[in-house]
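**Q** Copied straight from Swiss-Prot:
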type	residues	note
DOMAIN	22-185	domain 'FAD-binding PCMH-type'
ACT_SITE	165	active site
REGION	197-228	region 'Disordered'
COMPBIAS	197-211	compositional bias 'Basic and acidic residues'
COMPBIAS	212-226	compositional bias 'Polar residues'
ACT_SITE	214	active site, proton donor
ACT_SITE	296	active site
């Protein structure tokens, strides 16, 4: 029995069309809260034994074909506000990273590193996303969140355990808002810089394909703060290339010809195709280099039940 809500609560919702890779089976339930109070009430009344999975826009996610045995919480319009207060940029967790970068730039505040990061602010914080030498950890002041028990809390950045492509947020904790400190900049110059970033990204990454961004973490060369070590040249895409896996395929899944660390749905892929190809890449890169790549894309859910 699910608690009453003011938002939308749907049983058995197929998640494929909510992920960038367009794969995935059904969630037991999908909850889209109306606002933070609705989320607090729902989690506070939900049976503690029921798993909860916060989901953003699905830009860095493979949901397995058997679906997800959990309540998936997906924030929407009630959580996408962006406001500027002095040197602080406060963004709802559902606000897109690119929108936050643009709004900040229009106000003369520099969060340009967010412009080409796919996804929403909640996911960016959870993964300590970064680009062009800047990471969320470099700018984040604090977040608002709702715990699995249904308590609204404010957490300083220092308590989030932000490191390279990861954080230590408690399981089931749903981020609702993030506050960043942003340096001043000329709006025209910030806009020009973002245009350059977009051009650079579009010339080197398969932005017109169905992908989930970088597939594997760069294997080394990052400090515990998540800041890049500029003296280290080891990159996942180089290891994949050296193993002869650029363009490798399994079913409808492919390692991009344009950028070999991008796993794409080339047409009709299942989650099993995508995850299976990724695991094959890990195996063959290890055989080639002795280095074991780690997934950057999150994989969740169950394998499909064999009905034969």
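A Cβ is built for glycine as well, from the same backbone N, Cα and C atoms used for every other residue.
Context for these features, please: burial, neighbours, distances.
**A** According to DSSP, residue 165 (active site) sits in a coil region rather than a helix or strand.
Residues 20-22, 112, 115-116, 131-132, 256, 258-259, 262-266 of the same chain, all 6+ positions outside the compositional bias 'Basic and acidic residues' (197-211), place their C-beta atoms under 8 angstroms from a C-beta of that stretch.
When Cβ atoms from all protein chains are considered, those within 10 Å of residue 214 (active site, proton donor) total 20, not counting its own.
Residue 296 (active site) falls outside any helix or strand according to DSSP and counts as coil.
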**Q** How many Å lie between the Cα of residue 214 (active site, proton donor) and the Cα of residue 165 (active site)?
**A** 11
**Q** Distance between residue 296 (active site) and residue 165 (active site) at the Cα atoms, whole Å?
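**A** Here the two Cα atoms are 7 Å apart.
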**Q** Within 10 Å of the Cβ of residue 165 (active site), how many other Cβ atoms are there?
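**A** I count 20 other Cβ atoms within 10 Å of it.
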**Q** With every protein chain in view, how many other Cβ atoms are within 10 Å of the Cβ of residue 296 (active site)?
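**A** If we count other Cβ atoms within 10 Å of residue 296 (active site), we arrive at 20.
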